[in-house]
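Here you go, one structure.
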Amino acid sequence: MASPRLETYCCPNRDAATQLVMTFQPKVFCGVCTGSASVSLLLTILQLLPKKGQSPRKMPKPSSSSTILLLISACDILGGLGMIFRSSVWLGFPGFIANISVVNGTDIWPSAFCVGSAMWIQLLYSAGFWWLFCYAVDSYLVVRRSAGLSTIVLYHMMTWGLALLLCVEGAALLYYPSLSSCENGLEHAIPHYITTYAPLLLVLVVNPILFRRTVSAVASLLKGRQGIYTENERRLGTEIQIRFFKIMLVFIICWSSNIINESLLFYLEMQPDINEIPLKNIRSAALITWIIMGVLNPMQGFLFTLAFYGWTGWRVNLKWQKREIPWESMSSSTVGENAYPSPVNYQSNIHDSKKISTTDSQQTDEAISMLSEGNTSASLDVHTLLFKPTAGPAI
């Protein structure tokens, strides 16, 4: 699981709260982390593999939103691999791990492993948080027709740049002046915790606002197509809203325990003696949430694929083939059939206005298609709405 306590434990003079959770049933905790991460890793890969029975589709140009979703899954997979590796070494080589606690020890490899594996996990999950924020921004900009494939380069620069900067800065402040003699005190560790939880809190606070505005913008787009808001359009808007809700629900389920645990440990650190009897319930709650973190943090990858694509099934098709989104092919054929050149000059202005209208309609279609990508029922609604005249109760 991902916690700043993993890096703090690498300091020989670690605080008492970190010592409490890191030394509580370490074999059980590492076994839980390994099992949860392994299950999530296998199911995530299974979800992303192509399945038998799916109609062959061709993807002429992948949207930035679909690319971001794959990058989020990639970060979860790589972060899960880091958890499995760290927990496996912890279980298999207890003598090697014991050298981390040795002050002024000559063997630097245990400390190097401790810092390297902890930073790898933090970097990947922090990048996943930034990519999730970029997904919310991109969804809003796509609906506002201000985003495209070119912005994915900016997202890469922002995501990896900020994740790497915060990770390195937090570690540098934590291990100053050196790993073997980290400074004591909360004021020294707080910047490290801030750099760890800043992107997580950003997603919790800002993403719901952006998702809400995106849903409102989608409703405006659908109304603007024909000036009415039919039952089918209402259903499509609801599908997109439910998808955003699932994403935030998974995120809250997987990471709320981290915030609770860190708050409890922070409170314990402020006490002169965390082993006092009145603090027993606080210690128990911190240890319980610590184990819960080991289960829920690695499961984010699989749960996110369920929120993104739904359950894709067990029947894997290892034959790679290009895929085509049905509504995009229909859109191309529809435009091709209706875009006849005007044989008379005085009709050119009418033709130009229709062409502009068709272009605007295509942009709207692409925006809605990107948001509903991966959702079968929503995709069918997009196809029905955009390329067939629907008769529904107008509002």
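Glycine residues also receive a Cβ, built from the backbone N, Cα and C atoms like all the rest.
Positions annotated as transmembrane segment by TrEMBL: 24-46, 67-85, 119-141, 153-178, 190-211, 244-267, 287-311.
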Compare 24-46, 67-85, 119-141, 153-178 by their Cβ pairs under 8 Å to the transmembrane segment (190-211) and return the stretch that comes out on top.
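Top-ranked stretch among 24-46, 67-85, 119-141, 153-178: 119-141.
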Short question: which residues 6 or more past the ends of the transmembrane segment (153-178) have a Cβ under 8 Å from it?
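Distant contacts of the transmembrane segment (153-178): 4, 7-8, 10-11, 64, 68, 71, 115, 119, 122-123, 126-127, 130-131, 134, 138, 188-189, 191-196, 198-199.
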Who are the chain neighbours of the transmembrane segment (287-311) in space, where the CB to CB distance is under 8 Å and they lie at least 6 residues beyond its ends?
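Non-local partners: 1-3, 20-21, 24, 28-29, 32-33, 36-37, 39-41, 43-44, 47-48, 69, 72-73, 76-77, 79-80, 83, 125, 128, 243, 246-247, 249-251, 253-255, 257-258, 260-261, 264, 374-376.
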Where else in the chain does the transmembrane segment (244-267) make close Cβ contacts, counting only residues six or more beyond its ends and a cut-off under 8 Å?
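For the transmembrane segment (244-267), the nonlocal Cβ contacts are 1-5, 17-18, 20-21, 132, 135, 139, 186, 193, 197, 200, 203-204, 207-208, 211, 214-215, 282, 285-286, 289-290, 292-293, 296-297, 299-300, 303-304, 306-308.
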